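S.K.: Okay, so Swiss-Prot annotates it like this:
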MOD_RES   S44  phosphoserine
MOD_RES   S122  phosphoserine
MOD_RES   S696  phosphoserine
MOD_RES   T706  phosphothreonine
MOD_RES   S719  phosphoserine
MOD_RES   S721  phosphoserine
MOD_RES   S722  phosphoserine
MOD_RES   S791  phosphoserine
MOD_RES   S836  phosphoserine
MOD_RES   S859  phosphoserine
MOD_RES   S982  phosphoserine
MOD_RES   K1097  N6-acetyllysine
REPEAT    1020-1061  repeat 'WD 1'
REPEAT    1065-1106  repeat 'WD 2'
REPEAT    1251-1291  repeat 'WD 6'
Amino acid sequence: MESEMLQSPLLGLGEEDEADLTDWNLPLAFMKKRHCEKIEGSKSLAQSWRMKDRMKTVSVALVLCLNVGVDPPDVVKTTPCARLECWIDPLSMGPQKALETIGANLQKQYENWQPRARYKQSLDPTVDEVKKLCTSLRRNAKEERVLFHYNGHGVPRPTVNGEVWVFNKNYTQYIPLSIYDLQTWMGSPSIFVYDCSNAGLIVKSFKQFALQREQELEVAAINPNHPLAQMPLPPSMKNCIQLAACEATELLPMIPDLPADLFTSCLTTPIKIALRWFCMQKCVSLVPGVTLDLIEKIPGRLNDRRTPLGELNWIFTAITDTIAWNVLPRDLFQKLFRQDLLVASLFRNFLLAERIMRSYNCTPVSSPRLPPTYMHAMWQAWDLAVDICLSQLPTIIEEGTAFRHSPFFAEQLTAFQVWLTMGVENRNPPEQLPIVLQVLLSQVHRLRALDLLGRFLDLGPWAVSLALSVGIFPYVLKLLQSSARELRPLLVFIWAKILAVDSSCQADLVKDNGHKYFLSVLADPYMPAEHRTMTAFILAVIVNSYHTGQEACLQGNLIAICLEQLNDPHPLLRQWVAICLGRIWQNFDSARWCGVRDSAHEKLYSLLSDPIPEVRCAAVFALGTFVGNSAERTDHSTTIDHNVAMMLAQLVSDGSPMVRKELVVALSHLVVQYESNFCTVALQFIEEEKNYALPSPATTEGGSLTPVRDSPCTPRLRSVSSYGNIRAVATARSLNKSLQNLSLTEESGGAVAFSPGNLSTSSSASSTLGSPENEEHILSFETIDKMRRASSYSSLNSLIGVSFNSVYTQIWRVLLHLAADPYPEVSDVAMKVLNSIAYKATVNARPQRVLDTSSLTQSAPASPTNKGVHIHQAGGSPPASSTSSSSLTNDVAKQPVSRDLPSGRPGTTGPAGAQYTPHSHQFPRTRKMFDKGPEQTADDADDAAGHKSFISATVQTGFCDWSARYFAQPVMKIPEEHDLESQIRKEREWRFLRNSRVRRQAQQVIQKGITRLDDQIFLNRNPGVPSVVKFHPFTPCIAVADKDSICFWDWEKGEKLDYFHNGNPRYTRVTAMEYLNGQDCSLLLTATDDGAIRVWKNFADLEKNPEMVTAWQGLSDMLPTTRGAGMVVDWEQETGLLMSSGDVRIVRIWDTDREMKVQDIPTGADSCVTSLSCDSHRSLIVAGLGDGSIRVYDRRMALSECRVMTYREHTAWVVKASLQKRPDGHIVSVSVNGDVRIFDPRMPESVNVLQIVKGLTALDIHPQADLIACGSVNQFTAIYNSSGELINNIKYYDGFMGQRVGAISCLAFHPHWPHLAVGSNDYYISVYSVEKRVR
């Protein structure tokens, strides 16, 4: 028993090795990013890193009140005492000379940090001299910053009244100088440095006076009679910065080994004072022999990093920058450390001042106030760097040995690398990021730093934002001037990451000629494709909606470089090269003609059939912008436009909705260019549409829609959220609004009546008569669909490329097909384009006859209009005659019908004139279905000036921006599905173990033998008549389709899990369903008899709403009929191929990975295909047909030879033809006459014939258990074994007092369990199994 328990978890991986490994190896369909994400760009980054108000300190006032030789009365100095001022002993020379020398030295010290500023000294000044100095500097500085340095060592301490001291002319008195006056003279922006005792008092007084000014300004603004109201506004003090040597109650330190102006020394000569202070801390030195005299002999220059002194200065800068970035709030760091070079230097040095002066019980003060930094751990790294440097001094000076560079930067990069390697999610940013920035321009560390920076940026947009905020941008911009080839991949990667997050850097790149760097990289054939892809992306950003960038890259030969790489094997490179081309000639005619000369459009044609949907989409985008220029055109350009349009038209049947949506946008550019031609075509189609009949909803005499009631109950349709939402029908109120807006009257003066074929609302788009604010249309879905079906799809295919003059007609047909697209986002956009032209054509039509077909197609190609389509809503009533040539007049009043309105849905009827309006999908599931609809938000204004062109604004996709998101996301990180510890991976393992258990347990039941299959384990009333039923292979979920909705049931618990509308038009029905990815993340595919295929996810999920993953027109020539086979499909999970057929003469094979049609196999018969079955291992397809024939196709062979066998033994409609999925598997087929025939595909005749009940309506064959179940019109289900022996009949429901089952409408076996689901015309769905004791 113990051994069994130990082995039981392994059973799923041991006994059924092949099946379980298959689960892991099976490809997943429709699970790529384009299916799982909304096709839109990322939210743009708020540019907090870019300094909008970068400043310079242009003027410096150096005010020294020293009065050398005379001590102020309120200061008692120690003996000995600190005497040095600017490293000068004032008593070593005469007082006046000392004062001048100190002033000159202070200026030199400041000039080290800002050599270009204008310096003015004021030595022992009077109040008037200070005023004159300050007002002069402010006047010259204008809006730039001015620095005021005040040394008050020779005057009394500041007063609590807000005064500092200066002198009278004769130096006989100390004269107070009000900080209020100083504020007035200095203005803003300014920075003040106070080096005196009690300096914190000045900071407090400054703030009080600043607040007082603000209050005075507020009073003056309220009261115009206030004296201040008549005066010029005093400057605001908000942009003023203050640095003070100590708190309000503190005195400056007087230790004789320190300079008297310790604060000034820290701010202006930080390395010198830091080294002296370090030597005074006896406990920290590694080498006791280093003296203050030795420090003065450190070789090198501060600005030369290769020397000991320069390296120390570099390390100091990196450490103080790092401390500030890690401690300060981001906005304060930006303001103090990145806005102004001199301010940044002073604040870096202020951090040192805080560290040194606090050790002498003195606390420097700043405004804005900084958090304490003197205990930060990075100071220990500084101490170590100083110690390592000083330890070498004796040997360097005495023996002349070479200086060994500090390991500081290498060690900090290692720490950064450890953070990248060993860190966890949701961590604090790495402390070393500012140090990485410091070493980018160092040749020694550059390569490693760039590599680590790239790895950091790859963590995501947050990392890019951090790097930009620390100031990385100017460094990586400067590096583009480097010619080192080894830097190319790293710089390309870093710039791709930056531009993916903040595309505004395009201007900086072009300004600094950075685009030339990337042009040379893209043109480099030795550069790996991945890096050329990133380069193509970078260049695509540079030229995106930026004319200067377009011109610069055009001159750099970008078009030719891109064209050379259109057929590169790397799909992402093909995609971005195409996007790059599309962007460079977007609204830039010079680039377009350069493309014409290089035959760019013809070279792009090959990408329209690319196996990767994103590449096809990029090619469509590029060709769309190619024809979308609004410059003057010639006959030559018109011919090119027509050729491009006809090539694009072939993509109308592309399997990817992303491609088709981009196609609509591309064609809309053509519509804009040739507006008048399309208006003419639109009028003709509208006129012709009246001649075609279309099944229309029943109407009462009052004109209200009468929905058919399928059921006595009104089930609640579940909310459907999708990238293409199933949209609500517009309400009667919005319809009335559209009638009022048009105010159309016939010439007789009577009101115009509307029909669904003429003016109607539609849920398929969101523009009101060409205005995007409302949901009303000239053309309803039904009108468009009638036009589309009247000009049949096959005729479209035959027309492509036939006549130069019929291009507009053909493109209009293409747009009609796209407006009826099964994917709502595609149809929405196409409806906008069609309605914009229809509105313009009908409202602006003159009272003249519409051109007939011959005159239209024979006319010469008209020149395009010079401007885009400008759709204006009717301002008041148009002329009465304006509708005489359109179909906007009709005698029969009908309510408009939505394309998504389920005709067979249970519903209610409203009062006459009201519209049947399911709003349920727009609200949470708890909302009542027929509650008040969504509020209309349309603007009712009739002012025509308020309506504007909208095609270019609203008819667009987010494809390019969505594609750019790839570069913003981590590319080095292991995908979550491959990470053994990720939640996704663990969920997959659990699902595969569950699958193994289901297969094993089901097989055990089947092996026991099946003697009866009539134990009813589930019975429930479905909301609609079941038409297709499908078991999920591994969960207790069953999908039941009625005409146009899907219901999901848990057959174990007997609960309804979900119910939602499939979205197919009301005259169509669901005829087939398949579970995709059933072994993992299941999707449901539905096929309708108009040839449309839809794929859903999140069904039967209580936490999420169903979403449409994709949809496409699987078969194009099908016309829905009540007696046809509809659409039949068969799904191959192993290959990702979908076989489709039905009321057509072909079997069409779709590759769901490529989202392309890969093969059309002609059936060779005149009847419909009723059943499909395939075997991926043998590449065989078996089709059962309506004429009774069974046809076998080998899809590896040429189309003319691929039909390898035809069996004509059945004489009636084939209900089911099944190809057994094993190497020697037979074909089992059944006709409505009940004859079961078994064929060996290698033999020309059947190998066995069985006879079962006649009059079959539904049939299924169990893939594992050799069971055949058939449903009859005579209200019973019969189950047979493979020998044709009847196992049992099912005629009555359990628990209903023997109620008879209805006529069987559908049935299906479970793929593994011996379970049978049966749907009948009385709405009931039931599941039967073997006896309980066997289960």
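Each residue, glycine too, has its Cβ placed from N, Cα and C.
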S.K.: Compare the Cα of S836 (phosphoserine) against each of the modified residues S44, S122, S982, K1097 and report the nearest.
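M.R.: Closest by Cα: S44.
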S.K.: Pick out which of the modified residues S44, S122, S836, S982 has the most other Cβ atoms within 10 Å of its own Cβ.
M.R.: S836
S.K.: Using a Cβ cut-off under 8 Å and a sequence separation of 6 or more, which residues in the same chain sit near K1097 (N6-acetyllysine)?
M.R.: C1081, S1082, L1083, L1084, P1106, E1107, V1109
S.K.: Looking only at the repeat 'WD 1' (1020-1061), what is the model's average confidence as pLDDT?
M.R.: 95
S.K.: Quick one: pull the CA-CA distance for S44 (phosphoserine) versus S122 (phosphoserine), whole Å only.
M.R.: 50
S.K.: Would you mind pulling the DSSP three-state label for S122 (phosphoserine)?
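M.R.: Reduced to three states, the DSSP call for S122 (phosphoserine) is strand.
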S.K.: Distance between S982 (phosphoserine) and S122 (phosphoserine) at the Cα atoms, whole Å?
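M.R.: So the alpha carbons of S982 (phosphoserine) and S122 (phosphoserine) sit roughly 69 Å from each other.
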S.K.: Using DSSP, tally how many residues of the repeat 'WD 2' (1065-1106) sit in helix, strand and coil.
M.R.: 0 helix, 19 strand, 23 coil
